Amino acid sequence: MSLSLWQHCLARLQDELPATEFSMWIRPLQAELSDNTLALYAPNRFVLDWVREKYINNINALLVDFCGSDVPSLRFEVGNKPVSARTTESVPKTVTHPAVNSTPTNSQPVRPSWDNQPQSQLPELNYRSNVNPKHKFDNFVEGKSNQLARAAARQVADNPGGAYNPLFLYGGTGLGKTHLLHAVGNSIMERKANAKVVYMHSERFVQDMVKALQNNAIEDFKRYYRSVDALLIDDIQFFANKERSQEEFFHTFNALLEGNQQIILTSDRYPKEINGVEDRLKSRFGWGLTVAIEPPELETRVAILMKKADENQIQLPDEVAFFIAKRLRSNVRELEGALNRVIANANFTGRAITIDFVREALRDLLALQEKLVTIDNIQKTVAEYYKIKVADLLSKRRSRSVARPRQMAMALAKELTNHSLPEIGDAFGGRDHTTVLHACRKIEQLREESHDIKEDFSNLIRTLSS
C-alpha cells in the first residue's frame, strides 16, 4: 500500500466536499500509514470529534475504493504525527503568503499617546480590549445557517494564530458576526488572563489613526496595534475609500500575520465584493478562511427566541415561539427586539403570553412584514436580479437560465412567506406542490455546493427583508 493513500483520499474529498468544509475540517489533518493502520492527526479535540462525526463514512468509503479488501483500520488522534512521517503524508497547503516587508514587534503594549492619558491610569495589559463579557460561545445559538462560522471561530479561539489566520466572517446585519468576535475574545482571555485582545469597529481604527497623526504619535499607534495577540475588527467594509487607513492597516495586517498573531474580520459582504478597498487587502482577507453566516432557518429562530426567553426567566409557549419565528425571518436582532417588546408588554399589562397577545403586541411589525414580503414581490425581485421577466418565471420554459431563477423564487417564497406549497405552486403558473418541494430541496443542495448560489440566496434574502 502506497504512502500516498491519504493524498488520493484528499483529492477525492476536495472534489466531493464544498470548498469551505474541505478547508476547515479536512485540510488541517495530518496522516500516517503504518502497519495497515491509517492514523489521522487533528490539531485539536474539536476538529477530531467533528471529522469523526461528519466525515468518517466518506473517508471509509474512499479507503474501500482505493484498497479493496485490504482496507487499513482508521485511527484518530489529537496532535501532530511523528516527525519521521511528515515529509510524505503532510496535508498540502494551497495558499502561499508572499513575503512582506513589515517587521513585527513583540514589545509590550504601549500607551497610545493619541488618547492623552497618564500611564498610571491605564492597566498594564488588555487596556481597551472592548470585548463584551456577555457574548460567549455558550449563549450563541447554533443552527445550520451559522454552524460553520461558529465552528471556525471555536477553532481560532482554541488555537489563536495557528488555526485560520485571518478568519473572515461575512453576512447581513444582525446575524451573529459580532457575537462570535466577542466570543473568541472572551475565550482567549479565559485561557490566558493577560492575553492582549482588542475588539473594535473599523471606524475606531480610523479614528485612532487620525488622532495619532494629529498628535504626531503614529509610531505609538503602530506599536500598539502590532503588539496585540488578537485583533478583532468589525465591519471592515467601512475602510472603503479611506486610502491612508487602508495603507496603515495593510502594514499592520502583514506584521500581525508574520508574528502569528490572530486577525478576525467581519463584513456585510464577500471580501471581493467590497468596493473601495484595495485589491491587495481583499486578497489578504482571503488568505485564511472565509465563512458566510446566513439568515437563521426556522428551527434556529425558534431556538433563539426560547434561549432569549429563558435568559429573561420568561415562559414562552412553543406555539408562540413558532408564531413569531415564522413571521420574522430577516435576522437575530429583529427577533430579539420583537421578543423584548412582547416581554415588556406582558410585564406592563400582566397578561399571559399567547398568540393573540403577540399578534396585538407586534401588530405594526407583523403588518409591515406581510406587506413587504409577498410572492409577487419575490417574483419581481428575483426576475430583476437575474435579468429575466416575471412572465418567464410563470412560463413552462425549462432552460437553466429560467428554471434556476424559478427554483430560487419558489425556495424564497417558502422561506419568507406563510403560504403552503400548493399555494406557491399556483402562484408559479399552476405548478404542482411536488414541483415546489423539489425546487426548495434543489436550492438547499446548491447552497451547500455552489458559492454563487449561496451568495444569490443571501443577497435576495437581504433585499427582500430590508
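Any Cβ shown, glycine's included, is placed from N, Cα and C.
Listed features, source Swiss-Prot:
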- 1-85: region 'Domain I, interacts with DnaA modulators' (REGION)
- 82-122: region 'Disordered' (REGION)
- 85-129: region 'Domain II' (REGION)
- 130-346: region 'Domain III, AAA+ region' (REGION)
- GLY174, GLY176, LYS177, THR178: ATP binding site (BINDING)
- 347-466: region 'Domain IV, binds dsDNA' (REGION)
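Most Cβ neighbours within 10 Å among the binding-site residues GLY174, GLY176: this distinction goes to GLY176. Within 10 Å of the C-beta of LYS177 (ATP binding site) we count 24 further C-beta atoms, all protein chains included. Helix, strand and coil residue tallies for the region 'Domain IV, binds dsDNA' (347-466), in that order: 92 helix, 0 strand, 28 coil [DSSP]. Within the same chain, residues at least six positions away from THR178 (ATP binding site) with a Cβ under 8 Å of its Cβ are HIS135, ASP234, THR266. The Cβ centroid of GLY174, GLY176, LYS177, THR178 marks the ATP site; residues of that chain outside this set whose Cβ lies within 8 Å of it are GLY171, THR173, LEU175, HIS179, LEU180, THR266, ILE293, ASN331, VAL332, ARG333, given in sequence order. Applying DSSP to the region 'Domain I, interacts with DnaA modulators' (1-85) sorts its residues as follows: 45 helix, 17 strand, 23 coil.
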